[in-house]
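Take a look at the structure below.
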Amino acid sequence: MQPFKVHSPYEPAGDQPQAIEKLAQSIQTQHRYQTLVGVTGSGKTYTMAKIIEKLQIPTLIMTHNKTLAAQLYSEFRGFFPKNHVEYFISHFDYYQPEAYIPRQDLFIEKDSSINEELERLRLSATTSLLAHEDVIVVASVSANYGLGSPAEYVQMIQKLEVGERLHQRELLLRLVEMGYKRNDNFFDRGDFRVNGEVIDIYPAYSEDEVVRVEFFGDEIERIALLDSVDRQALGELPSYILYAANQFIVGQNRLHEALKTIESELEERLAFYQKEGRMVEHARLKQRTEFDLEMIGATGICKGIENYSRHLTGKKVGETPYSLLDYFEFKGKPYLIIVDESHVSLPQFGGMYAGDRSRKEVLVEHGFRLPSALDNRPLTYEEFITKAPHYLFVSATPAPRELELSQAQIAEQIVRPTGLLDPLYEVRDSQNQVAALFDEIKAVVARGERVLITALTKKMAEELTKYYADLGIKVRYMHSEIDAIERNQIIRGLRTGEFDVLVGINLLREGLDLPEVSLVAILDADKEGFLRSETSLIQTMGRAARNLNGRVLLFAQKITPSMKRAMEVTDYRRSKQQEFNQKHGITPKSVTRKLDEELRLEGVGDLYAKASKKEKIPKAEREKIIKEMTKKMHEAAKLLDFEEAARLRDEIAKIRAL
């Protein structure tokens, strides 16, 4: 095991040393729950990293959205460059679950689009957990959704050794059993191809390496790694451990047993419908399930196979399904779950289960699914919160549930390493808020700084964006319908100065870490509700806490209880921060944060768009982009899409010139 070692030019400062010591000691003395109350800009992520370094145990870091998960993944890869830092979020670019609307007699088929790169990263995460000890996985709430059994996954491991006696046909059959597909023409991840006594395997979890196995008769003569794009040899290996192509793979024995139990459940359910005289549901369930059974028996898979997960994993009715947490538990060693922005993340867990259950109960009732489909579900809140040995809740505004669970194991991180104080705030009359804000925006932009504006409705945000754009302000609007990749690009555009003002509805949920922002404007701050609650106001005000000139304007007709409490919390924190600075002779300074490389989840066009915004790209980064685009160019040529191949060729030439 490679020890966890934080790589950073900084040492703990401000409130970080006492928070690190208290929380690490709490976990080491076997307390299950602890909370870090850390203000925006206090270096909570660095504190989390130092706690992991101190504990030396595998860690799952969970948060409530993909944007924040991507940001954390980038930061932790920087902190732990020599350890296995993995990324686990939903692999769907688009997902429409199957559903039935009885009053309209309308059945909606499941429809989805899987992002291959996200799928690779998910496989890489589970593979690392089984193969290594020094693993950190950054995940969204997808970590709570069902996966295949880790025990079955381990059974599917194939070790290859030079000199091993193994018939080529045996290996080919084993690869098929492991979920790999033969493809001698369009070779991609999860495929293998055969050329005489040479088998090339592209592991489903590999970023850019192909495994070549060369036989001499019934003996493995050579194992080598090849570059996936140019097929150049990267080196020879004495052995190689190959993992399955997906997390839902099961062995033949388990599969045959599952077919029997599915048939048994089907017979029982059909008898129920027969007794009730519900022949429409009887016919529907019989036709759908028998078709699925035939497909599973012939190919090992069917559309919607996850609905049979209870049978495929051997779980009992109502038993907790397998999830990513079981891969952490598999080796029987302690691990830590860090829940970032816990005041938002934890409530999602209960909501996920309730929504999933409600939809599937309708499907089961009307004969679209067997009752066992109800066990293909995310973890409940209670299951999640009692599964791991140690939890660390992290938030600037933890909810009562986190504080109650943690009891005395709570550390405050109010003093920032930079000495920055919580931003000054000012309450302004909201009667003429748009015009008044325009003057403030001009002054901030003239200093080369940025502005965040939060509105109450989508319509208002859109109109505000158009209004300021017509007045010559470089402004963009960010809303919930924008996907994670575009959201990251918008945030980067704000930081680089592509535009100066970002308008949103609930920007506090976007995981924004923007040192360039010196003004946060909260429109209609006196409209009590979720978007203007005490927690939301504190979180939003904190977006201005990374800049020395940080200010918050609260536009309102009156001061609400939520506003009053948020301002009191801000005053308390400023007082404590000022006292610490005076005592230690600290002069506040703005946060400096590099424009880190974004998580590479884009298509080729996005890669070029990202590259073209940089004046100078590091050589390693440039070569990585070129390699990915070259691969896409070759794929386009194979598909006879020469126009696309030519476009990619031209873009590669442009990137080489940057």
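Our numbering is plain: 1 for the first residue shown, then up by one each step along the chain.
Glycine too: its Cβ is placed from the backbone N, Cα and C atoms.
Here is what Swiss-Prot records for this protein:
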| type | residues | note |
| --- | --- | --- |
| BINDING | Gly38, Val39, Thr40, Gly41, Ser42, Gly43, Lys44, Thr45 | ATP binding site |
| DOMAIN | 25-416 | domain 'Helicase ATP-binding' |
| DOMAIN | 436-595 | domain 'Helicase C-terminal' |
| DOMAIN | 623-658 | domain 'UVR' |
| MOTIF | 91-114 | motif 'Beta-hairpin' |
**Long-range neighbours of the motif 'Beta-hairpin' (91-114), counting only residues six or more past its ends (CB under 8 A)** = 122, 303-304, 359, 362-363, 366, 368, 483
**Complete:** Surrounding the recorded ATP site, with Cβ no more than 8 Å from the Cβ centroid of Gly38, Val39, Thr40, Gly41, Ser42, Gly43, Lys44, Thr45 and those residues left out, we find Thr47, Ala396, Gln413, Arg416
**Prompt:** Taking every protein chain shown into account, which of the binding-site residues Thr40, Ser42, Thr45 has the largest tally of Cβ atoms within 10 Å of its Cβ?
**Reply:** Ser42
**Item:** Nonlocal residues around Gly41 (ATP binding site), in sequence order (Cβ under 8 Å, 6 or more apart)
**Value:** Arg416, Thr418, Leu420, Gly542, Ala545, Arg546, Val591
**Request:** Count the other Cβ atoms sitting within 10 Å of the Cβ of Lys44 (ATP binding site), across every protein chain shown.
**Result:** 22
**Message:** Restricting to the chain of Gly38 (ATP binding site) and a gap of 6 or more, list residues whose Cβ falls under 8 Å of its Cβ, or answer none.
**Reply:** Asp15, Ala19, Lys44, Thr47, Val394, Ser395, Ala396, Glu412, Gln413, Ile414
**Request:** May I have the DSSP-based helix, strand and coil counts for the residues of the motif 'Beta-hairpin' (91-114)?
**Result:** 3 helix, 15 strand, 6 coil
**Prompt:** Cβ-Cβ under 8 Å from Gly43 (ATP binding site), same chain, 6 or more residues apart: which ones?
**Reply:** Ala13, Gly14, Gln16, Gln413, Arg416, Pro417
**Prompt:** Mean pLDDT, the motif 'Beta-hairpin' (91-114)?
**Reply:** 87
